[in-house]
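Take a look at the structure set out below.
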Amino acid sequence: MKRFFIVILFILLVCIFNVKSEEQLGEIEISKNSFSIDTNAINAEINYVIDNSITKPKLIVTLLSGDVNSIEDITSISKDKSTLTFGDFSSLSLGNKQSNNNNRIVLMIATITGSLLFIRFNIGFNKSTTLIILIIGTIFLIGSSHSITLSEVSIRIDIKVPSTFKFEKLDLKLGSGSSNIIGLSSNSINIDSCLNLKDHKINLSDTTITSALNICSTKNIDIKNLKQSSNSLINLKTNSNITLNFGNGYSGLLDIYSNSLKIDEACDIKVDGLNTTGSCNEGTSSKLVINANGVTITGTTPTTTPTTTPTTTPTTTPTTTPTTTPTTTPTTTPTTTPTTTPTTTPTTTPTTTPTTTPTITPTTTPTTTPTTTPTDSCPTTSTWRPTMASSSSPSSPSFSSVTPILDFNFDKSNLGFRSRYKFNEKSISDGPNGIANSFSINFNETYSPDSNWLISKIPSPALRANVNYVFSFNFKLGQALSSDNTISSVTISFYSPIDLPDPNVLEYFDQPTASPLFTKTITTGSFSSSTTFQANSISIKPTTDIGLSLIAIQIIRTKQNSIPINLYFSEMKLSIPSKSIIDPTTFLTKDSELINIPKASASFDSQDPSTCPYLATDLVHWHDKSIWSSGIVPLPNASSNIILPAGKRVLISPCSISQTDIYKKITIPPTSELIFSDVNMTMHVQDIYVQGKFTMGTKECRYNAYINLIFHGTKTTSDTIATNFGSKGIAVASGGFISVQGKQYHNTWSKLSTTAWSGDSTIYIQDSVNWEVGQQVLITTSVYKDELYNQNEVLTIAAISGKKIQFTSALKYYHYGGQEYQAEVGLLSRRIVFQGDQSSSDPQQFGGHVLVSGEGQFSGLSLVRFGQKNIKGRYPLHYHLANNVQKSYISDCSVIDSYYRCYTIHGTNGVTLTRNVAFNAIGHCYYLEDGVEVDNTISYNLGAFVHTIGTPAAGYNQYGQDFLQSSDLTQPADSAAACYYITNAANSFIGNAASGGWSGFAFPNLPRPIGNHLSVSIVPSQFIAKVWEGNTAHSSGYYFEFGASIYVGGLLTYNDATGLLQYSSGRESRDTYLTGYNTSAAVWMRFNNTKVYLSNRGLSMWGERTEAVNLESHDSRRPASLFGEAWLSNAIVNGQSGNILSASVEYTRQGFQFYDTYVQTIISNIIFRNFIKYQNASSNEEDNRVIISMTHSSEFLPQGISVSKNITIQNTATSQFIGHNIPVNSTGSSRFFNFIDWDGSLTGKNVPTLIGSHEKFWQFDNTCSFNSDWNCYVCTKGTREIANVQFWVPGLISRDDAQNNDDSIGSISLFGDGITDRRSTRVIHTAGITGVSNSGWYLYLTDGTPTYMKIWLAQVIYNNYLFIAIPYPATTTFSVSSEYKYNSNYNFNFTQTSSASAVRSGDGKKYYFDGTHLFIKVINFRLNGTESFDRGGAKVYDVYWEFLIHITASNTIKPPVNGFFKGLTDTLPSSNL
């Protein structure tokens, strides 16, 4: 019995206390450069360790005390893998929990069973033993339950990184514990242990920062050997003591609040109570802010050059200012330190979805309840000024000599699952909890296919031939290995996107029909483990360069599954290896071969510091309570409207205001002015109303400080600023003035001077720039379909010198920089930033806005998360009904991640909009609103990545789609959003670039103005551009078959009855006049020096008058589509450039398509090159041909409407010169296709040449030969011209009842001139016969010849004729006459002559009937030889309205039946005529 109770006692101790020793819970890989750890709910000991045995950073979590079974019980990682939170998550890890409980239950059962056996054989059963058994069972049941008590849990977190690793941002939100951080390198570090006032001691040693260090702690802060850049910001707060030692010296400003202070003698300080301000070593850039009881600062004298990479624009903002300050910390928050200027752009390429979360984060979490009294330490004397910012740029470090390894990561978010059947949206899901970058493939149904595909949703990087790349992944089975889940092979392939199904759309898929660009299969991978992830890798070495492609991964199992199975993947990636950086030996010396693209002046704006507004002697300080009527400096709060004192010029300095709390509204009265100091500062605000003046720099005193205005407010349509001025922004009333002018960076954008490949970290541009380390740079796409395959990239400058830029990370994609065209490279960062607060802006796309109804001057300003989607008038930067301005401009600004437009000119004339950049905007970007805006200059701007609102306009024919104004589409033309939206062309457009958008430049047709100007009596679409010079557009036009990068089309109208706008996206022509009024001369809309590339149609205008002179088109489906009287001259049309991304069968290219009816088109002085045959073309029109026909219809028939002259064709097979299509179902437009090669340069005949279709009707003499490659007759033109007549037969053929019906009702044949064979073409119900003049045409109608017909001489040109023969029965008599509808002097009655020959040689007023045929010679007597469209030494003759020939026939012997003479023999007239 004694032995029994000893056993029981042991069991009790094990079950009750269940004590665990120190235990490693697991590892978590850190996959993001910006990472956040939140241990606020748990006691944590944090160590930062340099470990060069690893290549990637990771966390090791060790349990020191408490009851935790799995790392998954206490951790949760965000979906983007950037935030790790510690807490009680045991309810989310049911699998592990259940498994542990099961283990406990098994142990319990085993122990009870053992006890029963022990009792049975050693003691025997009785009442006492039964009770003991019950006690044992209860104890084990208690022990088998499992819950986590966080207060009892203590962990150690070891952050291990290789010595070369640098964080972009590291955030630590800490509870109790301690941190010992040694060797950390980061752009910014934010450590906050103040949130719950828990004690956490912080020690830092050998730490390097380049932007900001923010620490808040209730315990001591000990920092040794801190290395910081010359522009870093250091903010330390604690109830206890601070020891701070600098490893590279300290030069900069001080702002310290402390009970005691020991500081180096090299610092010049001023002590006012507990406040100490000043600077060390005359430094001004860095900023040191400390709140503490005791401070010791050593090493302030610089002794060495900082080793860190300097940055002037911190890429993050401090977030550690506690919402609850330590209990012993003074209530004054230092305010002379800005919270840092935020990154103005995404650190990664935006997705193709325009509503992605923008990338600028607010500097702090502001409150509307004031937490500070900012004015206590600010002098109020009139002469006092803070130390103003310097214009100096940080020195660039040396360039790295190698590129970093670049990994393309794949996971659930960017892969689509496809199979033959049995799959859905749940077939791919998140991977196991706690496993970074993992996903699961789920075969939830039995007998799922044994093969499936993972198809990438994002384009692959460009791959060079003969370079080794690695595709790798870790793999684990979800169930133990069996025949159900055995992997037989994994194949990695690269396909052209058009050869794969859309990975965003669920659809069944078996195998691609096309061959891959590259493929490789492995059959011997590590695919057997169900307990641990095993590494797999595949070496990839393409034999040719691979441009635009998608990765497709095929996974094949040995058989279909009989049970549900899961396959787990982690760390799937394609790696581009590191390589040495070797500077190219040659660079582009010009950006174009032919055209001239003007550039902005290379000079900087002249500066005169003596004029700086903060130097004025009549200023008063915001923080001077004596200027306020209440005698109190106004504090920020949720409801106040701070009205500046009337008649005062108020200077605002960092110490004047709270930089963390929100100012509800600031009003500047008409006689007042608000002037900002040129000092780094941040201000949170909702509304600013300017009736007087708002000044933040001037043209001659551009500010150098980092000034950050953050606008707050949830979505509303209320006017909280002022009536009609909306909410959340700055509004300048009529009569008001605003000037915001930051440091000038020039050029604001350039172009590549050599191609940049995926994996490159260094680029070379065409212009020297003064950009700075740490700034953000955009490189635009080099693909055709910008929105579908987003390859725009935003990177951070690591080093820079002149035209060479190196980034902190490698390029993901290929960016072309050949002679034909080059990707644009734009600077996004500015020192002055206006941004929408992310938390209130993102959810409903409701950012800030700036509206100016007075005069406004802006330069060096960045606007981020601005614009309010679908709210009219709420745009990022907007001149609003300012009429004629005299001194307003927007220069070298940037708009980034806009919710609605970029730069708007509305009811305002005389604005200069120049050298600006815009990126990632919803709706039209550069926007002329109502159609009355004229005399503005829009020059040297860049717009990129512009998104439509709603479904992009498409359509199945030339007329596109109709869109009606709605709450989801306030301006229906946003369905075709353009980089530049031009409702009135009467402005100057010089040197602008458009990348992406539905179109690059859109000229919608407005029959009258809209909006506020409905009553203005002009027709906006009748105006021509004042200047169009040197503009470029690319990567657009692809949503609509007839869309273009420069699109002059569409119709925007206002319905007076409904009060709604309507937009039709398709065909709409425009008449243009010299003054814009139809009482003046008709003029041509001219486009000079234009470049289009990667376009659907480069330039499209539906008519009526167009000239495009000096044009380059590269990699476009067609360079231009021009209607009406159109001239394209002096051009290079290049079917294929050196850009490997465009070398795809995604689309074919044609040099020019001649239209099919009623236009006049001349192309002259054109070089066509690189039209390479596409073997799988469905027709000649779809092949890569230089000239193609339009052959789709029998309703629209061509006349003589097309001429070419001085054509040069290079690197193109002769077979590709012309591509005439013969449809399977014949069409009239195909039969009558023709054009004149004016000088024979295109066909190579070198004499004027006539090209006609495949019909023998075009074989008019023995100079004609049929070219089987072209499907055309090619003839020496001689004295012949193209002629067109229309036979109008009542009830049979009518011009007014054109039909797309190609049924034959007869034929027309050549006769005379020695022709004995049939050279004919069919006649159909649609009126119109086109052929060669000065020839015999014989008309035969199958159902007989009518008693009456008209012949319209649409195109029988001056000094030309047609000799027409028509069969009639013998004894028929005739009345033949001519009629000119508009002048009876040309009306003649024909007389009968003696022979057919006499008719042909006669004056055109005679006829002859030989008993079988009526012969007439038709001449248009009205013509005088001036009826033509002439350009470039060539001409296209007019279609002339309405000269008619009437023929009336009667016969009493063989009378007609129902108006037709029947039974006539089809006999060709004599060949001798």
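Each Cβ is built from the backbone N, Cα and C atoms, and glycine gets one as well.
On a predicted model such as this, the values are computed, not experimentally measured, just so you know.
Copied from Swiss-Prot, the annotated features are:
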SIGNAL    1-21  signal peptide
CARBOHYD  ASN126  N-linked glycosylation site
CARBOHYD  ASN203  N-linked glycosylation site
CARBOHYD  ASN241  N-linked glycosylation site
COMPBIAS  298-375  compositional bias 'Low complexity'
REGION    298-400  region 'Disordered'
COMPBIAS  376-389  compositional bias 'Polar residues'
COMPBIAS  390-400  compositional bias 'Low complexity'
CARBOHYD  ASN444  N-linked glycosylation site
CARBOHYD  ASN637  N-linked glycosylation site
CARBOHYD  ASN1078  N-linked glycosylation site
CARBOHYD  ASN1088  N-linked glycosylation site
CARBOHYD  ASN1176  N-linked glycosylation site
CARBOHYD  ASN1206  N-linked glycosylation site
CARBOHYD  ASN1225  N-linked glycosylation site
CARBOHYD  ASN1389  N-linked glycosylation site
CARBOHYD  ASN1424  N-linked glycosylation site
C-beta crowding around ASN1225 (N-linked glycosylation site), within 10 angstroms: 7
Residue counts (helix, strand, coil, in that order) that DSSP gives for the compositional bias 'Polar residues' (376-389): 0 helix, 0 strand, 14 coil
Separation of alpha carbons, ASN1088 (N-linked glycosylation site) and ASN1206 (N-linked glycosylation site) (Å): 19
ASN1078 (N-linked glycosylation site) versus glycosylation sites ASN203, ASN241, ASN444, ASN1176, ASN1424 - nearest by Cα: ASN1424
Other C-beta atoms that fall within 10 angstroms of the C-beta of ASN1389 (N-linked glycosylation site): 10
Minimum Cα separation from ASN444 (N-linked glycosylation site), reported as the residue among glycosylation sites ASN637, ASN1176, ASN1225, ASN1424 that achieves it: ASN1176
ASN1206 (N-linked glycosylation site): tally of other CB atoms within 10 A of its CB: 18
Residue distribution over DSSP helix, strand and coil in the compositional bias 'Low complexity' (390-400): 0 helix, 0 strand, 11 coil
Pairwise CA distance, ASN1088 (N-linked glycosylation site) versus ASN1424 (N-linked glycosylation site), rounded so that it is a whole Å: 33
Between ASN1424 (N-linked glycosylation site) and ASN637 (N-linked glycosylation site), the C-alpha gap once rounded to whole angstrom: 82
Inter-residue Cα distance where the pair is ASN241 (N-linked glycosylation site) and ASN637 (N-linked glycosylation site), in Å: 33
Which of ASN203, ASN241, ASN444, ASN1088, ASN1424, all glycosylation sites, has a Cβ with the fewest other Cβ atoms inside 10 Å: ASN1424
DSSP three-state assignment for ASN1176 (N-linked glycosylation site): coil
CB within-chain contacts under 8 A for ASN1176 (N-linked glycosylation site), separation at least 6: VAL1145
Inter-residue C-alpha distance, ASN1389 (N-linked glycosylation site) and ASN203 (N-linked glycosylation site) (nearest angstrom): 112
Sparsest-packed among the glycosylation sites, when each Cβ's other Cβ atoms within 10 Å are tallied, from ASN637, ASN1078: ASN1078
DSSP three-state assignment for ASN1078 (N-linked glycosylation site): coil
